């Protein structure tokens, strides 16, 4: 009987001690996760009871080593410095709560990796920098900062040995352009994309990787016209060139013409000395012509009597012999055939001008004609 009572009391004491120990035990952190990007890796967790005397400690373990962090009161911690060979390893993260001298059990582990071929809960990817788009020669020019320079201090690019390989897909994957960007050669990565047709908006998708580290796809669009238009200067410069050439040639021709004309003026007089000799009539000033009337002396003078009636009465009484004498005297004064000759000469020359003498006149050197007019003094 006493033995049974002793056993019952012992079991009761043990149960009480167990309940006291469970009440004193520190609870473990919950919902452990990892957030990783191009700049680093951060572990996060949750804790049901937050006290000022509670600290947390993060443990990172890879396939070869295990590292513990310093204690922190925050519910997150940057663990980038605790990663070794992030390009190939995968990491297991656990968090332990510490209060006083007591530690909680480790939390559930969380596995992550930057290696796209590793088996992990989460695979960390890199992000492309901001992309600059501009039209160039009828194509869409794509340019962005080289990630090998931009992320050179991040854990993802630690112990780097590979180059960046990226591809641009257009027209819903129908066209694809791939390029390589190196750290030593390029401060920026750039290429040109060709589109099958012209449109108001040009979109494409950018993907890439550095070894086994992959980049998150990035989509970009350019709104505008990328077609190439010939600048105005392409037509202006040839036209100016042709115009200046023609002006230059024209100037040379004018100078040569002036020179030839001056030389010809010097040589022609010596080659043709009498070419410009038009005779004395052309070399002297014209003379003034003076008209001199011929003196005509009357051979017969008739005196009027005082009474015309008396004179007329005397005429019929005059003797015919006297009239014949007068007629013969007047006829003898002109000569026997003077009137006949003058009349015949005038008719033969088709010009009835007995009062204008006929003379020779020189119209040009060596060319003389018959003319009628006053005599030259």
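Using the three backbone atoms N, Cα and C, a Cβ is placed for every residue, glycine included.
In Swiss-Prot, the feature transmembrane segment is placed on 236-256, out of the ranges 194-214, 215-235, 236-256. For the domain 'Fibronectin type-III' (26-117), the DSSP-based tally of helix, strand and coil residues reads 3 helix, 44 strand, 45 coil. Residue 186 (N-linked glycosylation site) and residue 78 (N-linked glycosylation site) have their C-alpha atoms 31 Å apart, to the nearest angstrom. Taking the topological domain 'Extracellular' (24-235) as a whole, pLDDT averages 86 in the prediction.
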